[in-house]
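Participant: Sharing a structure, written as structure tokens. Questions coming.
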Amino acid sequence: MLLWLLCAAGTVYVVGYFLFAALDIVPSRMFWDLSVYKQAAEVASAGGDAYEQRYGGLRFVYPPLVLSAFAALEPWLLPLLAGTYVAVTAVFLLKAPPSLRLSPFLIMGVSAFHDPLMVAVRTGNLSLYLHLLVLALWVRPGGAWTRRALLVVILLGTVIKPVFAAYFGLWLLRDARLGRESAEAALTLAAAAATWLLQLWLMPEAFAGFLGAVDRQIGLDDTYSDLGSGVLPQVFNLSGSFTTGLLAHLAAWGGLSLIWLLWLRKRVSDAPDAARRHILLAAPFVLCVLLNPRMKQYDLVAGFFLVLQAGYLWGRLPRPPTVLPLLGLAAGIHLNELLTPLAFRSHLELLIVTLFFGLAVHAIGRAPRA
């Protein structure tokens, strides 16, 4: 009953915001990304250069293919996106992972990641809802239609943001040999890569404008800097080289991510069948965040879902040690807040939750089978 009350309250809250957005009467402090999408689409549909302008201090930093789609849908863009957000939220709540029924972990997840959750919802950023749809379609296995719908969602996500390609690793992690489903995933990944190459070939001027907008948004040739937090901005500030910062970021987080993936891959086969999908889902979801060089506060929402997935695993143990994992997680997050410099706090907090999840994977792999 508590779960349904929370879901109902959350749905009313989100639907109310989305209705305001669809009616174009949202205050500027809410759904600012929707406003950027709308204004950029208006400029592009009028024949202007949407990448040269700022929209309330922000720039449109999606590739030309996305801009063209938004421009074509410009008269209906706000209600269409708002309706899509509501539909995706409803699908996610209806197909919510069983871990949402573990109220101690739900409460811990909300309390630890309240700010990222609120920021993620209030921005109206498209990527959050693509993540939600991937979670909803993967965690409850269906037939061929569900699998192909999932591939289409990941394809769209990769066209919008390349880091979504990490989700194609779901099939590589799950299947020791290349089967039919893995082949479909590989073909979809190739199609996603082709869209980026085709944009570079067929729309070179627009693609150059897109890259320039990204440069200006993150502050490479502008007074405004929006590099986010983590290794990249720190190395960039010290060296003045974006390339050096990017390489340092990939070396640090890419190396750790690879070690974690190899460790996780060996333990997937040891887990019960019901837990495997939850274990597999956590890997690319975290990779989408850790490997993103421009990490923002709302990206940390990945930690919330990771807490829920870990809670599901702890709850499947014969004697679930509910209190000790929660106390350990709370202590780790609290110490991180006290001791870690702000620039690295978000990444380290996600690593703490990843370690917490790894302990759950280890415990369920060693637990006796029923």
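Positions of Cβ are set from backbone N, Cα and C atoms, glycine also.
Got these off TrEMBL a minute ago, pasting:
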TRANSMEM  76-96  transmembrane segment
TRANSMEM  117-138  transmembrane segment
TRANSMEM  150-173  transmembrane segment
TRANSMEM  185-202  transmembrane segment
TRANSMEM  242-263  transmembrane segment
TRANSMEM  298-315  transmembrane segment
TRANSMEM  350-367  transmembrane segment
Participant: Who are the chain neighbours of the transmembrane segment (150-173) in space, where the CB to CB distance is under 8 Å and they lie at least 6 residues beyond its ends?
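Facilitator: Beyond its ends, the transmembrane segment (150-173) has Cβ neighbours at 62-63, 65-66, 126-127, 130-131, 133-134, 137-138, 181-182, 184-186, 188-189, 191-192, 195-196, 261, 264-265, 268, 280-281, 283-285, 287-288, 291-292.
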Participant: Mind checking which residues of the chain, 6+ beyond the ends of the transmembrane segment (185-202), have their Cβ under 8 Å from one of its Cβ atoms?
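Facilitator: For the transmembrane segment (185-202), the sequence-distant neighbours (Cβ-Cβ under 8 Å, at least 6 residues beyond its ends) are 63-65, 151-152, 154-155, 158-159, 162, 165, 168, 170-172, 178.
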